[in-house]
């Protein structure tokens with residue numbers, strides 16, 4: 001019995017060491033451009049760009065399969081940052097993918113909520129907490145404002161509430177100079 005235990009422990013140690021070595025030796029580096037693009041995107045995972053999340057959209061941009069102006073939550077600021085990073089010309093937000101809206105979070109009217117869990121299943125970032133047949137609530141710090149939870153709600157108890165403007169959320173305007181009149 002003791003011999004079998006020692007043999008199994010020895011095998012586990014050897015295999016663990018082999019896996020640890022293999023993970024270091026055969027590590028696959030990702031595309032650094034994809035990582036930079038993904039860092040600029042708002043991480044709402046809303047799918048409004050036509051891709052299932054921000055990372056696939058970043059991969060499509062880096063491969064030249066998608067344009068930089070398909071992300072409504074990122075808005076004009078995100079498009080400008082992507083244009084600067086990729087050395088492309090700025091383009092306005094594509095209307096077929098939506099329109100830029102003020103940052104908002106979902107709010108559930110807990111008096112109307114029937115606890116169906118459809119909104120929990122729809123939320124890509126797990127910002128809604130609750131259990132079946134019990135009221136749900138949104139954790140505002142986690143909510144990205146993607147609006148994916150609104151449509152599945154059978155009793156329409158979810159509303160998008162705009163965030164109040166603070167120094168962090170205020171849209172600072174870019175200075176615009178007319179070069180022709182300045183000369």
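The backbone N, Cα and C atoms fix where each Cβ goes, glycine too.
Here the structure is a predicted model, which means the values were calculated and not measured.
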| query | If Swiss-Prot says 143, 146, 149 bind [4Fe-4S] cluster 3, which of 116, 123 does it name for the same site? | reply | 123
| request: Could you check which of 1-23, 24-46 is flagged in Swiss-Prot as region 'Hydrophobic'? | output: 1-23
| request: Determine which of 71, 113 appears in Swiss-Prot for the same [4Fe-4S] cluster 1 site as 46, 49, 54. | output: 71
| message | As a test of reading the model: what is the averaged pLDDT for the domain '4Fe-4S ferredoxin-type 1' (104-133)? | response | 93
| Same chain, outside the region 'Hydrophobic' (1-23) by at least 6, Cβ under 8 Å from its Cβ: which residues? | none
| query | In DSSP terms, helix, strand or coil for residue 54 ([4Fe-4S] cluster 1 binding site)? | reply | helix
| query | If you measure from the Cα of residue 54 ([4Fe-4S] cluster 1 binding site), which of the binding-site residues 116, 123, 153 is the nearest? | reply | 123
| Counting every protein chain present, what is the number of Cβ atoms, excluding its own, within 10 Å of the Cβ of residue 116 ([4Fe-4S] cluster 2 binding site)? | 17
